[in-house]
Every structure is written in structure tokens, then in C-alpha cells.
């Protein structure tokens, strides 16, 4: 087609060109509105009693009264139209007709009837052609023409104009807006047509005005029908009937389309108001799919902070809202603050709907339940890029799954890598028990935030404040555990602090100890004003400055007006009280003060990093004198600080290796790992081998030319194993090994690590782990008992079961953990004394860990969990024994770490330092020490705090306590008790010699004497019910019955394990030594009150200063040179 023809040029201007076409539509729309306006003017100026338009008519007939049954058609056919008005109407009609004919010609495609029979064309002919006829036949100038029908042409022009407007500005309004506009215009056209038609027809009847006609139409269409105004002639009545029928057909169609669009808009969520975005604050949550657990965790944690109560949360999700989420968002508590938008973060249009450029923050969460976690990370990366491109100034909080994908989103303000945190936390669980529970409690916001205010008003120097969790529980351990679980990490500037302002110019350990003694707060770290790095326990050499930011653990933050007023009152009397008024101080302060009366010399020896025990001070003078603790110095004395050079062979465990170690060549170097499996891993100083191990030697269960060992027992490890059961050797598993081989771990305490993998590892992963000592792998599964026995489960210290990626998704969400739970339950029954640490996908499934159906205590905890959930607890499962003991962990519990970073931007950094993921020079590390009988002389937590601060500079942050659990004896235990009672008999019975090799798992006989006596009576009744036979037969049957009765479930499992070990050529000796420790419970006390009594076997969490801080500037040793070489390789690797 030739584009240069006149027709094509006209078509380009009138139709194809968007802007010119829009102008034509706007002009046409204006003409139609003008014609309707001129009609109204004509009606207002017209008088039916004058000028009927035909001179032959007898004017006297107009004065005749209306007679019912007869119709005077002349007022209907003829009107009074003035000459100027006629001229205007003719001009409008000519222009409209010319435009219509021109557009019809340009849009003609070969079928002329298609153009002629269109309703807009017919209406244009009806309204325009009669005016043109009156030009040539003046006698018809006053002929009535239904010009009011132009309102429908105006409606048609408006629809076309809106479409051209969208095309011209390249911006699409919502379909809801268009449909509402069409509905309103249709309704207006119906009413306007009815008004004008009734008014004109009633010229021959009641002679209604336009207002009367409007009143009649509104009353009729609203179905009220007062009846005071009614049509009198049948044409008017017929028009009303026709208009009602049209309304009954047209309006329901319009309303149906509007309702459909409304429902669709409800599904997609509509838009976030621009006005609200400019006046209110909001954050955006971007997810692939929104589950109810994820939503509630986010909302509960986000709105737990008082200053976030006025924030709106806009959820941007590509999937449709499910029924559960819809029900929750209809709750008034959330419906006013949470807005759900269905859309994609990759579309600028959807980001504009969410007003991302005005958002205070954007949280981008990965879908951890995807089978392909790498693909889920790729989606997260694209979302982060899209948001950063659309709103560069919007802070980004991103959750990533795989550590190798982390460097793609380094531009984000805060990043949490799931596998990094998961494996580091599981590794520390093996060294510091229940580290996962400790971190989880610290990063969760407590529900009891109102209780501390009440306590602080009562006592400013309070040791702790009450938390609402478990305060109604009758169990003492639950009260202590629930109270201490409310501790969180807070920050404050030193010069603005009441806690720490007086310690300016003093050492960090001095400030930490005295702040804990006076206020019960635990100072754990600082940050200099000119440095963004946080230092955890920088040690006694660090001097506090007024501009330092202090990080402390407490039940509530210091910003408390009531507390500050009382502190001012206390400062006024502080000089009067001093130390001679110790009786005015709290009890824990008195104890700590009394311990400083006698001053002992500090232990300046170079101690190991583990610090197993605290030495009892030498008793000089009177033997009955109570041991005393050295005071914490305001400024550290450099001569009293340890000066161990950890880079040289000066520590005891490295300078005096045993003959076996020396012959075997087990001397390790300290340096940075030469190879990192992924970009972005933080370099950590570790124990390393001088030469990397051949890949064949890393395989535990297969011999090679270098060694012939085929199971863990053959290696003869001195320390117990740490076994990790995982599906694949992902890059995140590297972060499990590094904390266990960190330089501050004593060499003698390094545990062998065995990776039990379902699939063989890749070569690049073996390249990364071959430099670490005592790290092996084995291809197998925890489903297979033989694989477990080969990897040394019978003499393992810890068994870590990592959630498998292939089982994370299931048709029923909570069934994703089914296989893991059953496998761990099997391990729990087979190896009851094994410490099993399990990762689950869903925290709600923790109740199935170490499940005992008939255990009354577990049922009581289940009821407690339900009550906590009804109260709205963020951690309803916190009182479950496996979680409290740190034996189960779910990575979803750490989602709150990302949420808390919006208010506490330092939480991710502190958590990474605690877990050993980051190592900042001068920053301490998390470790633990066990309270032995030699340490009980310290007695209280406050004295322990003082002892550690004055001797080693360690800062305690909590206690892991294990107590005996009084359980109701189950039926299986009753049956075992029968056997124990029989074993104490004399050797008169023949079967006693056959059952001596079986070990009972029940408690001592004296624990349940009544149950044992009843069980024996029941057994005797069973034997008496046997049928009478000969003596020999009866004895044989009785022996078989008793042997079967004595064969408990525990013994059957033990025999199964022993038989498999014999079949594999393994010695079952180690398995016989295993004892059952199921009757104990463990829990964590975070920052307990200073007067808390220490108990035997308590494990204290410590933040130990960086040993490298005290390293003298000596010449490079042999290990230094190795470290420099290795570190150089690492830098080259990470600079990719």
C-alpha cells in the first residue's frame, strides 16, 4: 500500500497517529456535548403555547384544554427554535456529519453496509441530516429533532478518547477505572435520554419542565415511585417502559463486568496510594510464594518494635493469595496495616503500584522450599537487581540460600546467607552446646517488653526483669528459662548512657563487670565512632571512649525515663554510700564486694584457649579463710596480661607432642586456608596441614595406597567424632569445618569430622577441605545402619543431621520433615546416648523430636506450648525439651535476624562474629567452659564474672544447665525393671546367666519400688496362669516365657546393632559402654542474675578476647612464613 496517497495521509492523521487521533476524538466529544447543551437551551427557551412551527395551524387550538383520550401531536412534532439557535445547531450538525463521513471513508475496508449499519453512524444521520434539510426547506426549521441522542455519541467518543489517551502517553490505567467510567456514562445517558424524552412527549400532556422530568426519572429508576408526577399520554408511558427495559438489560451487564473486575482487583491487590506513600511510612516484602508461617513470623517480629506501629507493610507476591493468608489479613489487627499486591518485582509497573521508590525498606526473601535452591537464589538475585534499578535509594534486606550466590548482591544493605549461618551454628553446637538456641533467643523480640518497665520502676539496680513467658508454669526451670529468654542485644552511646558513662577512660572488662554488678546488664562489645567494625570483647587493653557505641545484653534497652530519674537520685547519694555502705547495695553486689577484700595475684601463665577450669587461689594464712577473687583493674596492667605467641610453638599442646603424634606427623600449622570453595567467604585463621591430603585419603571407608583403614575405629582417634549427615557437599558445608578448625581451638581438643554424604562430593570441595586436619567423608546415608557403624557412630560425640534439599518440598507442607524426623527417631532409639543435632524445615515439627507417646511430661509441655501460642508468643515451641537443649534447629527461626536488622542494623554483624563467620582484628570469639568440682568455690554467677574478667578477660553471657528429669515410668521401663529385679536374685534360676550381657536402660531399683513390685506381681500371675504340664515341660515353657518377657525393646535394638557390628568386623565393645541419658533436661540462661548459684556441670558461654591481640611483634617463625604464603594464595583466590 502506497503511504504517500492522500487517503493514507488522512488516515495517518485521523486514525493512526496517536496524538492527532486523540485531538480529533476530543473535538468530536466536545461537539456532542455542545449539541446536548444547545438542546437544553432550546428546551428552556421554548414555550409550548407559542409558535408551533406551522402557519396553517389554528393558533386558537393551543388555548384549548387537554381532553383525556385525545392527543395533540403538534407540540410533539413542532418546537419553537430561534434563528440564532437554529444556526448554531445547523453548524454543529454539518461539522459532525462531515467528520463522521470522513472517518467512515478512511476506515472503509470493502464492506459498505458494515459502515452504514453501525449504531453510531445511524444516530449521527438521525441527528445531523434533518438540520441540513432545514437549510434548503425553511418551513421545517421548527421541526423537532432528537438532538439529546447525541449523549450516546458523546459516550462513544469518550471511550475512544480514553483508549487513544492510553496509547498516546504509553500508560495504562486500571481496567477498574475504565469500567467504572463506562458504567457511569451509561447510567447518565439513560437518565438524560429519559429526561429529555419524557419532557418532550409531555408537551402534549402535563407540560413538565426539565426539573419535573428529572424528578420523575430519579424516583422511577430508584424504584421508589411516589406517584406525584406521572406521564399522562400513552407515548410517554411507552417511552418509560422502553427505558426501564433497556436499563434492565444494559445496567446488569455493566455491573457484572464491574463486579468481575472488582474481584480480580481484590486478588491482585490494586495499588498502594501515592498520597499514603507520601504521608505514611511503609516497607515492601517481596516473596516468591507467601506461606502463613512466613507471614506471621514477619508481622509479629516487625510490629514487635514500638516505633514501627505506624508503618504499613506492602506484600508484593506473584502468586494469588491463598485462603489462609486471606483470612489472616482480614483480621482488623492486620487489615489496616498490611496490603497484599499480586505482582512481580521484575515489572516496573508492579513496583510502581507498591510505591517502591517511597518505601523505607524492601525485604526480599528466598523460597527455601523449592527443590532447586539455586534457581530460587537466581530469582532472588533478579528481584534485588530490579528493585535496585527502580529505586536506588531504597534500603535492601536480602535473604540468600547458597553462599556462592552471595557476591551477586553485595550492593544490598543487609544480606543473610542461610547456609552460611546454618552450618556455622550447627558446628558451634558441637563445641558450645545449644548455640543455635542461644542465637535464636537473642535475635527474637520478647513478648514481655512491658514487664521490664514495671521492674525498673521498682528497683533501678535490678538483677533481671520478669518476662511473661512461662511465669505461670509450676516448673522452676521453665520460670528461669522463660525469664532469661527475654534478653536481647541493644546499643547506646557511652556518653549518653547511665549504664556505662562513668566508665569512660577505663578498661572494657572493668566496665563490663561493674555494669553487670550494678545493673545486671552484660556489655559484650563496642564500636568506635570512626570505625564501622564491631569488636566483641576487645579485652582489658581496650580503653572506653565517650564516643564509643556500647552493645549490651539486657531484658530491655536503657532508654527508660523512670529508670533515669531514679538513677539521678542514686548519683546524688553515691558519694555518701561508697563501699562502706555495702549493706545498701543489692545482695549480688555485696557478695562481689566481699570477694575483693583479699587481693590475690592474677594468674599470668599462658593458658590454653579452652580454659577448662578456673584454678583455686592459693590459701595463704588461715586455712579456713574463704577463697577470694582478684579485683578487676580499671586500666589493665600489661605485665599481668598473657603474652602467648599463638603463631609460634609455645603453647603446651604444640611444644610437647606425644611420640605417637610425632611419629604420625600430626603437627599442624596455623594460617589462612589456601583455597575457598566460593567467592565472598571471610578468611579465618585456622589449624592447617603443612601439605594437603591426597583425595584418596579423605575417603574414610575405603583404603588406598597411603593407608588401609576402612572404618573410623581403625584410625584410633583420641577424641570423639563429629559426624555430619548431609545430602550433598555444598559450599555451605565449608562453614561447618572452619569454626571447628579455628586457630583458637586447642589442637588437643580438635574432634575428627566425618561427612556422611548421600552423593559423592565435587573435586573443588575436596580441594577446599584437604588442607584441614582430620576431615574425612564417606558416601552413605543415615537410613543405612551399616553406613552409620562404619563412620563411627558408636564413639561419636555429636551427630549433626542436616535437612535434605530433596525433601524440603512436599504436597503437604509440614510433611517435608517426615523422613528426617523418622530417621532421627531411629538414631535416638538405636544410640540413645548419642547427642543428635537435627535441622528441620518447619519449627512446628519440633514436637516430634525424640517423641515418646506415653510420656506425661511431654504431654504437659505440649499443653504449655498450646497456651503460649494462644497468647501470641513468637516462640511457642521454646519450652520443648529438644529446642531448649539445643538438639533441634530450623533455619526459618533466623528469618527474624533479617527483620530485626531494620531496627538494629548491627544484629547481623554481631551474629556473624559470634558464629565465627567473620573475624575482625581485635574482636573476641564465642567459646565455653564447664564448671567442675574445683570451680564450685566461686558459688555465684557474679563471682564467676569477676574471676573471668580479672584473670583472663573473658566475658560470660549465659549458662547452659542440665538437670535430672523426673519422668513417669512408661510400660517399657516397667518391663525392664522386672529384669533388673530378677538380675539381683541369687543364681538359683537357670536363665540368670544368659541375661547378664544385656544392659537395662531404666533407672535404679530404688527409684520406682512400687512400680517394680507391681510389675513382679503381674509377671508371677502370668506364670501361674500357664496350663499344668509335667515338671520338665512346665520348666521349659516358663523359661521361654521369661526369656521372651525379659527381651525388652532396648535389648532387641542393642542386639541388632551388635550383630551388624560383628558382621562388619567391628568390635562391639564401645557400644556396651553407652548409657541412656533420656531422663535429663537442659536449658539456657542468657545473662542470668548475678546471684544465680552455679551448679556442677554447668557450661558457661564466654566471649574470649582475640589471642592475637597479645601477640608480640616478634620475627616471623616457621609457621608465620607458612601463613603468609597461604594467606597470599587466599587473597589471590578471593580477588576473582
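Backbone N, Cα and C define each Cβ position, glycine as well.
Looking at 180-201, 202-223, 268-289, 290-311, the stretch flagged in TrEMBL as transmembrane segment turns out to be 180-201. TrEMBL assigns the feature region 'Disordered' to one of the listed ranges (592-616, 617-641, 642-666), namely 642-666.
Contact between the transmembrane segment (180-201) and the transmembrane segment (86-107) is not supported, since fewer than 3 Cβ pairs fall under 8 Å when only residues 6 or more apart in sequence are counted.
A Cβ distance under 8 Å defines the sequence-distant neighbours of the transmembrane segment (86-107), meaning residues of its chain 6+ beyond its ends; these are 7, 10-11, 14-15, 24, 28, 31-32, 34-35, 38, 42, 115, 120-121, 124-125, 127-129, 131-132, 134-135, 141, 147. Mapped onto DSSP classes, the domain 'RCK N-terminal' (719-859) shows 60 helix, 29 strand, 52 coil.
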